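Novice: Just dropping this structure here.
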Amino acid sequence: MGDRRMLKKLSEALWNYYTLLLIILTPLLLIPLPLVIGTKEAECGFVMLLMAIYWVTEVIPLSMTAMLPAILFPLLGIMSSSNVAKEYFNNFHFLLVGVVCLATSIEKWGLHRRVALRLVTLVGVNPAWLLLGFMSGCAFLSMWVQNTSAVTMVMPIVDAVLQQILKAHEEGYSGEDNPTLELDEINNCTAKNKETLSDSTQPDVPTETFTSVQIPAESQPAADEAAENVPTASCRRRQGQMLCKAMCIGIAYSSSIGGITTLPGTSANLIFSEYLNQVYPDCNSINFGNWLLLCLPISVIMLLLTWFWLYWLFIGSDFKFLWQCRGEQSERERAVKKVLEDEYKKLGAISSQEIFTGVVFVVMILLWLTRSPGFIPGWGSLFPHKSNYITDATVALVLGVLLFFVPAHGPSRKYEAMISWKEFQASMPWQVALLVGGGFALAKGAEESGLSLWVARLMTPLGDLPVLATVTIACLIVTTLTEVTSNAATITIFLPILSPLAEAIHVNPLYILIPATLCTSFSFLLPVSNPPNAVVYAYGHITIMDMVKAGLGVNMIGVLALLLAIATWGIPLFSLDTYPEWAPTFNSTTP
């Protein structure tokens, strides 16, 4: 008995300190690489594996793990401390600063709420259209601000609408002619209570079926009425809960889907863009315009298919609402519409601060699109001797700094800038900035040590496969790993691996790097997969299993839409079928 207690206490102690044990044991298990093998490649591999394990398990903060190259590379003789330090702040960080300045102004003056509410009210309050409206609004916002910010902007509005829906269910609104919101689920539940279950997976039936449901002849009329009333009320509540699940999950997923559309939409896109600048300085293939041309159709396809999938999974399989004319609104639809209208009225008339922020927003997009569109000379050509000196970060910084000194109010009030440093600092994702710097340092170390070349030779046999098969394998691996680690950490790990792989099999590096980058945003399975999932999970409307079931389908939708894009319009857009001059020629027979 005493031995059992001791073993139990020991196991509890080990469990309580498993984080510390993992921190200590991981480098001890990997130490043979630098000590036994002793080559520069092995030493850099030790750092890379150590960082990958720490990033995946998050035993120490991600940003602190990103500082390991600054410690270990000089100690192992891979790079000098000053050279490592240069990798921690570069063009990416300037772009991030400019984008965050704009996002801070958007959030401070409430422009995000006005845009989201206006988009939602345009599509109506039918459950299906309401779901699509909120998803579209969140996706649009996440194109320009961080995904987490977009979700935190939209979710309070969504929660207010959901509370109104649940309240309506509790009060027992009859929904006289509202098949999409109430009758479908009631039919399903009533059928279950009458023991007429079938193996069909479709949870709802047309309205006509509901109005002509016949009571079994052998049942007592009074008993039938009593049996029907109770399940009807409970089924109304359940239908409201299912709509809540669809709405919350849709918001989380649409933020990730919208984020892939633009280069500043997610940190993974920015990391990829800066990696190209660092590793392939002569590559001018990626800019804001052609990235938008590639990814906007992917986002639209994913958003629509995800909307269909979530509607079918949580609300019903009857899609007649797509071609039916709108009839008279039910009591519940009118209640929801009133909530949206009241929320919009609270905003009041559009303010001068919102107008100025909107103008800066539009100007930033136009300058990004026209700097170097590719098919025609952009405004960057006005500086012929310094055209390569100007980047999207230059535009973002100019307009971002502008917000720090443009007065928010007229001369009748005390001077106040559009945003302050304190407000900017609260919005600035410093963790992402350090994480990205560590990734660039790791990539540079892999190049300096020769680890990239060693990995390329190791993966050369993949060249025997069709290119699309290689891309599919890379996408599946990245999509799987990004479910358990941060998107930025995942792309930081894989860019230095996939880039030499493309060179080894003599394939345009963009053919593999672009799909891998986009797949890091396909983290839909778990609340811990990314911050937007965690934010909506915290509202308490969904369970982990709800997210897993929905996420499996959306993952499949995302990968298939991405492969379709890369294999069709992506090839002529980026000349993916030719090996570019800016990529080095790799000879696998080199000793």
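Each Cβ is built from the backbone N, Cα and C atoms, and glycine gets one as well.
When I checked TrEMBL for this same protein, it listed these features:
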{"type": "TRANSMEM", "residues": "14-37", "note": "transmembrane segment"}
{"type": "TRANSMEM", "residues": "49-76", "note": "transmembrane segment"}
{"type": "TRANSMEM", "residues": "88-106", "note": "transmembrane segment"}
{"type": "TRANSMEM", "residues": "126-145", "note": "transmembrane segment"}
{"type": "TRANSMEM", "residues": "246-271", "note": "transmembrane segment"}
{"type": "TRANSMEM", "residues": "291-314", "note": "transmembrane segment"}
{"type": "TRANSMEM", "residues": "347-369", "note": "transmembrane segment"}
{"type": "TRANSMEM", "residues": "389-408", "note": "transmembrane segment"}
{"type": "TRANSMEM", "residues": "550-571", "note": "transmembrane segment"}
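Any idea what these are sitting next to in the structure?
Specialist: Proximity of distant same-chain residues to the transmembrane segment (49-76), defined by a Cβ-Cβ separation under 8 Å and at least 6 residues beyond the stretch ends, is recorded for 19, 22-23, 26-27, 30, 33-34, 43, 84-85, 87-88, 430-431, 434-439, 441-442, 445, 481, 484-486, 488-489, 492-493.
Tertiary neighbourhood of the transmembrane segment (291-314): same-chain residues 128, 131-132, 135-136, 139, 242-243, 245-246, 249-250, 253-254, 257-258, 260-263, 269, 369, 514, 518, 546, 549-550, 553-554, 557-558, 561-562, 564-565, 569-570, 573-574, selected by CB-CB distance under 8 Å and a gap of 6+ residues from either end.
For the transmembrane segment (347-369), same-chain residues at least 6 beyond its ends with a Cβ under 8 Å from one of its own Cβ atoms are 98, 102, 105-106, 109-111, 113-114, 117, 144, 288-289, 292, 379, 392, 395-396, 399, 402-403, 406, 408, 418.
When Cβ-Cβ distances below 8 Å are used as the criterion, the transmembrane segment (389-408) is approached by residues 91-92, 94-95, 97-102, 104-105, 263-264, 287-288, 353, 356-357, 360, 363-364, 367-368, 371, 380, 383, 415-421, 424 of the same chain, each at least six residues removed from its ends.
Residues of the same chain lying 6 or more positions beyond the ends of the transmembrane segment (550-571) and with a Cβ under 8 Å from any Cβ of it are 249, 253, 257, 293-295, 297-298, 301-302, 305-306, 309-310, 313-314, 468, 471-472, 475-476, 479, 511, 514-515, 518-519, 522, 524-526, 529, 577.
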